[in-house]
């Protein structure tokens, strides 16, 4: 990439987020109306499970250096391990869903065996406006149930129509995931555009602005774009409640976003993830459908799952200019939050994914029980034959597995190992599991344990819970063994009330961690993690 590409990509497309909310008479009248609705229609006795314990929010922490390290931090971990998650700055007016919290990034800067911890809010338009008012103002997923939900939607529409809230920079939380592309760390949530984050030498994090790719991005942007490690391109999509329900995008290694490719499907769905191979993009038309009428009628969330519909998978040549050559495949009804990887094998496209039989987003609402008896997320292999048009699937694990990660040097190419989290609820990670896709699963096992295709299981132990683990190779590229590296994750000890970062040997999955870093503050449970290498940190520092 020449200097011109760097210059244009760095300056073009980064928008300073400067919303203009108004706090006049209209604002006060709507606040009063909202207060009355909450008083008469909301059951305030309902507990906010996802605001208690280690789900509860924390304040920002500036860089805190020279943390206690038990063991050693290998040189390949020089860089910054970051994880984002929901952390509401202001108390909710009524309901609260785990997905509602403001995005906060927790970072561990590692350099020459030493560790520094930092946590910073992503300075979104939404957060800036609520800071201006000093209270919660934006609509929450946790409110979107029944008649009360419909009325709260109208309150939100009134606030935007009367310019109490300014949606010209979107209204997302940016609390879901992180990716690095074209010299920028991007913080993501699927209801908004990406926010660019600068990582400083001391580990500190600063929100630079919103990325709109020189006004070429006019729709939402998935929290799970895919970066091809061989070409440097990034592949993405957005979903919407109005047609086109899915829009596919390709971004060059130089940061140029190509023209949109609309994908035609029958219903407005939630599509949280997708996949790429060397030549294809894989879309998932799964029946978690946006149905506001059912929200009012059945007192459910605004997305409802239709168990009568098949799961559809669309395979599109990844550089297609339109959807003309997309091939659709059907499999039994399911939902998928997260894919591990995909690749091509002879006439087939292979997808490794975490398949969920019964998605109930209510389970991550405010009143959920601690354990989820029916949350059965299992590792699956799905195959789509491009020659015959047939689809098949094979179960690879018992329940419950999520947040699958691979050595990302193999993104879109055949790989052997998958690392996932074991869960005792939708949010409580009890350990890290390693699958060997070359081995056959042991279907006699009803729970996740070593044997068959389960090559290792790192159990966090009683009262200790984690979040997504990121694989970091010891050597860049694919010349060394695929599992020659480390897994890094945040861990919270509920008994001691302390948080840590664990570093695990990804090859041996030894119960003895390579390193444990004690953190100065509690780190709440969150969503997706990422590792910014030392090379990337130095590259983005030039912007």
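Cβ atoms here come from the backbone N, Cα and C positions, even for glycine.
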Note: Swiss-Prot has 224, 338, 528 binding Fe cation, and from 156, 181, 272, 443 that site also includes 272
Filtered by Cβ under 8 Å and at least 6 apart in sequence, the residues in the chain of residue 528 (Fe cation binding site) near it are 83, 84, 176, 177, 178, 223, 403, 468
Row residue 224 (Fe cation binding site), column other C-beta within 10 angstroms, all chains, value 20
Taking all protein chains shown into account, the Cβ-based neighbour count within 10 Å for residue 272 (Fe cation binding site) is 20
Same-chain residues at least 6 positions away from residue 338 (Fe cation binding site) with a Cβ under 8 Å from its Cβ, in sequence order, are 224, 272, 273, 353, 354, 402, 403, 404
Counting only residues outside 224, 272, 338, 528 in the same chain, those with C-beta within 8 angstroms of the Fe cation site's C-beta centroid are 176, 177, 223, 273, 337, 339
